[in-house]
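Everything below concerns the one structure shown next.
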Amino acid sequence: MQNMVILGATGSIGASTLSVISANPTAYRVYALVANASVDKMLTLCLAHRPQVAHMVDHKAALALKAQLPAALNIQVTSGEDELIALVTAPAVDTVMAAIVGAAGLVPTLAAVKAGKRVLLANKEALVMSGELFIEATRASGATLLPVDSEHNAIFQCLPEEVQSNLGRCDLAASGISHILLTGSGGPFLTAELSNLAAMTPAQACKHPNWSMGPKISVDSATMMNKGLEFIEARWLFNTQKDQLKVVIHPQSVIHSMVQYRDGSVIAQMGNPDMRTPIAHCMSYPQRIRSGVEPLDFFKVGQLSFCEPDFNRFPCLALAIEACSQGQEATTVLNAANEIAVEAFLQGKIGFTHIGKINEDCLLSVPKQAMASIEDIIALDAQTRIYARELLAKFA
């Protein structure tokens, strides 16, 4: 039985992971649940899954949770970064689901990697920010890294074993691969009039046509920054060159991504848009377990369509692809700027189209610096956030 730590337990990925665990109770045990400040949600999860440890990033939330948990459950409640790192690196832990949204997930995820754990990577920002450092830490520790994002998981499933077992260091061309085709639905504004985008509200941006997700990733899907971050993540996971990676708009979200081979073959991974499928795949790889997802009904799907991305509609996608070509410093800046901009949009402080403008301004204006350590990455991230917050007044 695998002991699992779930980082981001109260989010959508956390909920899907717990659903898969519940469907396979003899194979997995919830060792620890980690969340930011959602006391009520965490209390409910603790009562249902009886973890050994419940960790709250927010100290006051930890105190509130401890006061409400029945003492008879004997659940240890912790808080603080040092305690979180000790938790994910504990000898009893086999697998870490890394599903904390944003830059906040980098430090604990990297700690789990350095400890040689089996890491199920749902936090794309970890690779967007730390890329080479993250991949090198995986190689040095012998950690097992498995991609949870539906697109990267789909790509992984379509690749030969010699690539799967050498993520970040593989040679796609040597394995006969010509292109990775990263699919995206285009989000809720794919066919909206360009002139109407500036007036789009957070509620509209969060209404994804196919996927059920949290607010931040939903807005990223509406701007297609999510696909841009996935482009950067794919570059590091699969060691791609720029011309080996392409974005394809696929509105139905049935094909989750594809791999094109030198001989003209294209292998695609398909399924209903439900995160329990890639989560179950990562949890059990190289075996297969029940996910609880209904099999794809091709007669109900009916039609599959594809188109090229429109960079006038999705400037954030263009910025991410450009930042990827510039290097690690640029992608770290872009990620930090985007987190500030999306947060401000969700709070009603800026308009939808201001997100891309703030991202572009930060990418052009924040001084880049060499990043040789995690401390350098965190410093550049913090510097960018300060600059991005100063920009908000310009667009308010």
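Cβ atoms here come from the backbone N, Cα and C positions, even for glycine.
In the three-state DSSP assignment, the secondary structure recorded for Ser12 (NADPH binding site) is helix. All protein chains included, Ser12 (NADPH binding site) registers 18 other Cβ atoms within 10 Å of its own Cβ. Residues or ranges marked as NADPH binding site in Swiss-Prot (evidence: sequence analysis): Thr10, Gly11, Ser12, Ile13, Asn123, Glu125, Gly214.
When other Cβ atoms within 10 Å of the Cβ of Lys124 (1-deoxy-D-xylulose 5-phosphate binding site) are tallied across all protein chains shown, the result is 29. For Lys124, Ser150, Glu151, Ser185, His208, Ser221, Asn226, Lys227, Glu230, the entry in Swiss-Prot reads 1-deoxy-D-xylulose 5-phosphate binding site, with the evidence type sequence analysis.
Within its own chain, Glu230 (1-deoxy-D-xylulose 5-phosphate binding site) has Lys124, Asp149, Glu151, His152, Leu182, Gly184 as residues 6 or more apart in sequence whose C-beta sits under 8 angstroms from its own. Per Swiss-Prot, the feature Mn(2+) binding site maps to Asp149, Glu151, Glu230.
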For 1-deoxy-D-xylulose 5-phosphate, with binding residues Lys124, Ser150, Glu151, Ser185, His208, Ser221, Asn226, Lys227, Glu230 per the record, max Cα distance (Å, no decimals) returned as 19
Residue pair Glu125 (NADPH binding site), Asn226 (1-deoxy-D-xylulose 5-phosphate binding site) - Cα distance, angstrom, rounded = 10
Take the Cβ of Gly11 (NADPH binding site) and count every other Cβ within 10 Å, whichever protein chain it belongs to.
-> 23
Of all the binding-site residues given, Thr10, Asn123, Asn226, which has the fewest Cβ neighbours within 10 Å once its own Cβ is left out?
-> Thr10
